[in-house]
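Feature list (source: TrEMBL):
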DOMAIN    9-80  domain 'UBL3-like ubiquitin'
REGION    76-96  region 'Disordered'
REGION    108-129  region 'Disordered'
Amino acid sequence: MQQTKEPDLRLELLLLSGKRARVPVDRDDTVRDVLDRVWTDWPHEWCATDPPPASATDLRLLHLGRFLEPKATLVDAGLAPSPQPHAHEGDADAAADARPPVVHLHVRTLRPPDTPPRGGGKVKQGVADDTDDEASCCACCIVS
C-alpha cells in the first residue's frame, strides 16, 4: 500500500477581488499543473462573485511582481517550501511563521481576437479607409 505524500508547499492564492484560498502543492509541480488543478477544483466560495474562466489557459500566476512561466517548477519560480506547523508545537509564533507565500491569481477576462488583422497587419498611415463594410474597431489591449 502506497502512502500519499504530504505536500511540500502551500500557496495562498489571492484574486483581484481580495478573496483568498490556500492550496497544497508539491515543489516539483509546474505552474501549469497548479493552474490546471485550481481551474478543475475552483473554490466554491469564489463562484458567486468570481466564476471560473472558460479554461485553465485563462489563468496566470504572479509572484513578486512578475508572471510565472507555465513550464517552470514552483521551486524554479522562486517559491520555497513553506514550513509546516507540527501538531505538538501549538505555538502561535510557529503558526504565524508557517504562512504560505502569497501568489496572485490573474484571470484573463478579455481574449485576443481569433481573426488576423485586416490587410495582413499593415497599417496605412494618414489615409481614411471607408471602403470596408465592417465597422472599425480599436486594436488596443486593456490589461486588468
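Cβ from N, Cα, C; glycine included.
TrEMBL annotations: computationally assigned, not manually curated.
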DSSP helix/strand/coil residue counts for the domain 'UBL3-like ubiquitin' (9-80): 16 helix, 21 strand, 35 coil
Overall pLDDT of the domain 'UBL3-like ubiquitin' (9-80), taken as the mean: 91
